[in-house]
Structure formats: C-alpha cells, structure tokens
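What follows is a set of notes on a single structure, which appears directly below.
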Amino acid sequence: MNRAAVICGLGGALPETLVSNADLARELDTSDEWIRSRTGIENRRVIAPGQATSDLAVAAGSRALASAGAAADDVDLVVLATSTPDHPCPATAPAVAQRLGMPGAAAFDVAAVCTGFVYALAAAAAMLTAGTVRQALVIGADTFSTILDPADRTTRAVFGDGAGAVVLRPGDPAEPGALLGFDLGSDGAGSDLITVRAGGSRQRSAGGDAPAEDHWFAMQGRAVFAEAVLSMSKSAQHLIDRIGWAGRGPDRVVAHQANLRILRAVGEQLGLSEEQITVHLDQVGNTVAASIPLALADAQNKGTLTPGQRVLLTGFGGGLTWGSTALIWPSLHLAPAPAHI
Ligand code: ACO
C-alpha cells in the first residue's frame, strides 16, 4: 500500500508581550504609517527575558498533540525548525521532546530559516512514509527578537516571535490532510543576504575578533524582496504542475508571512484573487519558521480554511532556501487559540 503523511493536529503559541507599531515609533525613527504601508504589519509579539525558543515550541507542540488527540507516547519523532535554538549546541528538539513527555523519541533541528517548517515537514513525511517512525510532531519556532539589533528599525519592524506545530500520522495518499508532494530548493550564492555573521565556526563567538554588530541578524531587504516573490511563485507553480493541480489551481495559498506586498505579488503571479491568500502577518509580523503553521492555525480558527479546500503552502528564507507542499484541507478538531506564554 502507498503510504502518505497526513496532518491530523495543529496548534500555535505566542508570547504575552505585544509590541505595536506605535510602541516601536516611541523608541526608533519609524512610524505606524511607514510600517503598515511597506509591510502590512501592525503588531508583533516578543518573548520576555528568561524565555527561550523551546518554551514556545513546547506550548505549540502540546496544543498540536491535543488537537490530534494523540498521546505523547504515540509520537516517536520531533522535528523542530528553528534558526534561534536555545543553544548553538546541542539541538533544541531533544529538550522539547523530553518536556512533552516523549523522552525516547528521535529528535533533531532543521535550520532553513523561514523555509524551515516546509523542510521539516518534508523530512518528517519521508521518515514516516518509510516506516522509520509511527507519528511525528513537526514544530516551527523562532525568537528573532533575541538576535535583532535593537537599533535596526527595519528588522525590528518586521520580525516577531512565535511557534506553530502539526502532528503527522501515516495514512492514504487520497485522504484529506495527506501531503501530496514537495518542491524544495536552495541557492547558496545568496547566503549573505540574510545572515548572522558571527557565532559560528568562521567567526567564533568566544575568543574571536568579530565586531559586535556581526552578532546581530542582518538582511538586505530590497534584494530579498524580489527573490522571495520569484522563488515562492516558481516553487508553488512547479508543485502545482507536478501534483496535477494545474487545471483548477489551489483554493488557498498559505505563504511565508514576510510582507503583505510579497504575499499579494505571489498571488498575482499564481493568478489568484486576494481572498485566496492567507494573511496573518498583520498581527504577528514575520515569525520565521513559525509563520506558516501559525497562519494555518489562525485561518483554521477563523474558519477561512475549511475541509475539502485545496491548500498550497510555500516558503522562502535565508540560505537562500525555498519550498512548497500541498494538501486537501482535513477536518481537524478546532485548534485551540494559541497558547500565550
Ligand atoms: N521606518 C522608517 N523608515 C525605514 C524603516 C522603518 N521601520 N525601515 C527602513 N526604512 C527606510 C530605509 O532606511 C530607507 O531609507 P533611505 O531611502 O533614506 O535609505 C527606506 O526606508 C527604504 O528602505 P528599504 O530597505 O529599501 O525598504 P523596503 O521598502 O524594501 O522595505 C522591507 C524593507 C520591509 C524589509 C522589505 O524590503 C521586505 O519585506 N523585504 C523582504 C523580506 C523577506 O522576504 N525576507 C525573507 C524571509 S526572512 C528570513 O529568512 C529570516
């Protein structure tokens, strides 16, 4: 029998602390008008001192397990997409698995920045369909507030913290929720466009001579903008052609939430109306690896994602990396509102 990885649970988590555009404008040379008109973002949330990525990941993961009705010991794989792990070493996923009550589970991190969740889904789906694991928890979680230069008005306006998660179980490729295929890619020639220069083996964090600013996240926004539109549209179209959706196309696209203008341009490239493009960034900003699952949970709770819809997920991020997958939206237990930690 052909096996597929099927999404059967969904959940999200956000930090309590909300930072509005007006809050940023009190601190930096920016305005609500600039941020809204250039990005579509109104609010973002940031973790409190002492909190870390794993705290959000555990909260989102436990929401997804509850939505799936899955017992922790039914799940034997945790894949965590993050570029802001709790520590450079070891990976954060084993600690998340342990805190969720699954200490023997296979657990590893995936670092593909904003494409991380799609890459993590692909890795977990492959292990599940090969029969290596029984059920998988796939989490996207990031806390970019911990790596942003406090004086950088562009990145401070754009990024927010959060986590989103899904549970995958084995099933039939024809059933709703089955992941129908993946398109994944990268272009390392653009690795300097989205980067934290120091803290790795090339510019070490301790005993090295890296300038302080090299420890902050840096992004060449304008160059990345064009790449984001091109990569997500091309990747989505490749997948649409490959899985035989070219005739009718997707009903909804849930794309990485980087910028409202990027979402609209991707929709235009794919010949979709504005109503078919999911927008969640107005409330949370760009939450990096959490962005797609958080947008899914929000759309599921608002009722804009309904069972039977043809849904395409597409992401783009640092690396550069991109990736897409698609599914018929399943009937899920309503994901509870995101946990606030
Ligand atoms: N408030 C006021 N002015 C600002 C702000 C701000 N918050 N930020 C930048 N500006 C100014 C700049 O200083 C610049 O001024 P200048 O012309 O006097 O030099 C001007 O606005 C234009 O700057 P740009 O960077 O060209 O602004 P742009 O319209 O491109 O918007 C943004 C910046 C929002 C970052 C946009 O480029 C973008 O969304 N890029 C894509 C991001 C993306 O998709 N990233 C990929 C995923 S992220 C990841 O993988 C981690």
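In case you wondered, yes, glycine gets a Cβ from its N, Cα and C as well.
Given the structure is predicted, the values throughout are model-derived calculations rather than measurements.
Given the ranges 32-36, 72-76, 257-261, the record in TrEMBL names 257-261 as region 'ACP-binding'. DSSP assigns N286 (active site) to a strand segment in the three-state reduction. Long-range Cβ contacts of C114 (active site) within its own chain (separation 6+, distance under 8 Å): H256, A258, N286, V288, A289, S291, G315, F316, G317, G318, T321.
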